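Heads up, the thing below is written out as structure tokens.
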Amino acid sequence: MHIRLANGPNHCAGRLEVLHQQRWGTVCDDSWDLNDAKVVCRQLGCGTAVVAPGRAHFGQGSDPIWLDEVECTGMESEFSRCRLGAWGQHNCNHEEDAGVVCSGSNPMPARVTGGPGPCAGRVEVLYNATWHGVCSSGWSLLEAGVLCRQLGCGPAQSVPSGAQFGAGDHRDLLEGLSCRGSESLLLECQQMDTAPGPCWLGAPAAVVCAKPKGEPWGMWCDGCWGGDGPQGVLLPLYSAFEERV
């Protein structure tokens, strides 16, 4: 059975489509989970599954909807060995198209720079082997929340101007990221037209995430301040950021 991932950033992430009777069709997300996605990634040679998004995360396909209630154990060598059910029988629409993100799709490494620690600063993303700032146009708490999650930080608290963390490089800022807020990786927010661009706002995006739970301020800031103090250094800094948003 031929399968492919369509409408994603590359061949290892996108909407799952299967070829049947010489027509490409989609798979409904009913009972769709990581075990199903693992088999897809294995067959495509894309590593292991990272997430198995549903609800047409990578856009709605076109008829037909070939499969519904797919059941894989995760151990199958190829998708055709899963329990697939009858072709063309479903109770879905294309708002329920299943998707897959595999580890071989380059998880879009990201970092923050210029801030007081690893969870606050200007946003930078590794794109085509080059670190780029992200355009603040379209950057919101939804995108920031995904980045904080990817960085292993606490929830996003604010999206201040990147100028708060130094000027950075305003040239060729990455545009085209759009998140729902529930994604685990920025890769899942990457659109087909994501690329470095002029950024009409001319400003880099930034983020302030909460520190990881249970981690003292001194560790989080890598020794910038010891223990919980000095009081008045970190907390007013966060308040100042939030007031400017």
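The backbone N, Cα and C atoms fix where each Cβ goes, and this holds for glycine too.
Note that the structure is a prediction, hence the values are computed from the model and not measured.
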Disulfide-linked residue for CYS102, taking TrEMBL as the record, within CYS41, CYS148, CYS153: CYS41
Selected from CYS189, CYS199: TrEMBL disulphide partner of CYS179: CYS189
Disulphide partner cysteine [TrEMBL] for CYS148, chosen from CYS82, CYS92, CYS209, CYS221: CYS209
Distant-in-sequence Cβ neighbours of CYS28 (disulfide bond), under 8 Å, six or more positions away: ILE65, LEU67, ASP68, GLU69, HIS90, ASN91, CYS92, GLU96, ASP97, ALA98
Which of CYS92, CYS189, all disulfide-bonded residues, has a Cβ with the fewest other Cβ atoms inside 10 Å: CYS92
Inter-residue Cα distance where the pair is CYS189 (disulfide bond) and CYS199 (disulfide bond), in Å: 18
Listed disulfide-bonded residues (CYS41, CYS82, CYS179), ranked by Cβ neighbours within 10 Å, top entry: CYS41
